[in-house]
């Protein structure tokens, strides 16, 4: 068969297939979902962490230094997602996506986001600025943003045999990714009202009990005005 026959066959086969869908109580692994027509529907909270200024890093810094910064960000973010009970779903260049399930999924995702903010602002940025003058004197600061949303997600496998991965389809992963693109001053965590309302009290206040860590605002998404909450707060892992 020619390549045109192959892709035409793929499109028709996928279009005409009936989904073999089931509800999931945990985040599926690729082996849990058949490539042909498998799907798992889950209720999950998605976290999307994105390193800012990566294009400027690539332009202004030695590529070996840029690679170290990005690797540090992805390593620490991935470790924190796993630490707080999440599952790493995918990487996309300078971004990582995690999914959290269970009764505490929203609080766990927010705790994770606060700890990612700690790793960037209190570890990665100062440690690289202290070692490399080019980073310290660059026309930008090492920074990031994390978006968090929750909802029902349709998980399928995309790609071809031998080269495929899970794809998360739904508002939660899409909106979390869009929120991670926001660059608003020192704010690092952006969460939807759905997440904020279901997050426990400890993630709405500082360790000393003061409750000024979140700011409510409206945001336009796909022609819809939605309520989001943003925070510049960070918390060292293990503090609470």
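Residue 1 is the first one shown; counting continues down the chain.
Each residue, glycine too, has its Cβ placed from N, Cα and C.
Bear in mind that the values here come from a model prediction, so they are computed numbers and not experimental data.
Straight from Swiss-Prot, the features:
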- 45-180: domain 'Guanylate cyclase' (DOMAIN)
- 48, 95: ribonucleoside 5'-triphosphate binding site (BINDING)
- 50, 94: Mn(2+) 1 binding site (BINDING)
- 50, 94: Mn(2+) 2 binding site (BINDING)
(message) Using a 10 Å radius around its CB, how many other CB atoms surround residue 48 (ribonucleoside 5'-triphosphate binding site)?
(response) 28
(request) Work out the three-state DSSP category of residue 50 (Mn(2+) 1 binding site). (result) strand
(message) For a three-state summary based on DSSP, what are the helix, strand and coil counts in the domain 'Guanylate cyclase' (45-180)?
(response) 69 helix, 43 strand, 24 coil
(request) Restricting to the same chain and to sequence separations of six or more, state which residues have a Cβ under 8 Å from that of residue 95 (ribonucleoside 5'-triphosphate binding site). (result) 48, 49, 50, 51, 177, 180
(request) Could you say which of the binding-site residues 50, 94 has its Cβ with the most other Cβ atoms inside 10 Å? (result) 50
(request) For the domain 'Guanylate cyclase' (45-180), would you mind checking the mean pLDDT of the predicted model? (result) 97
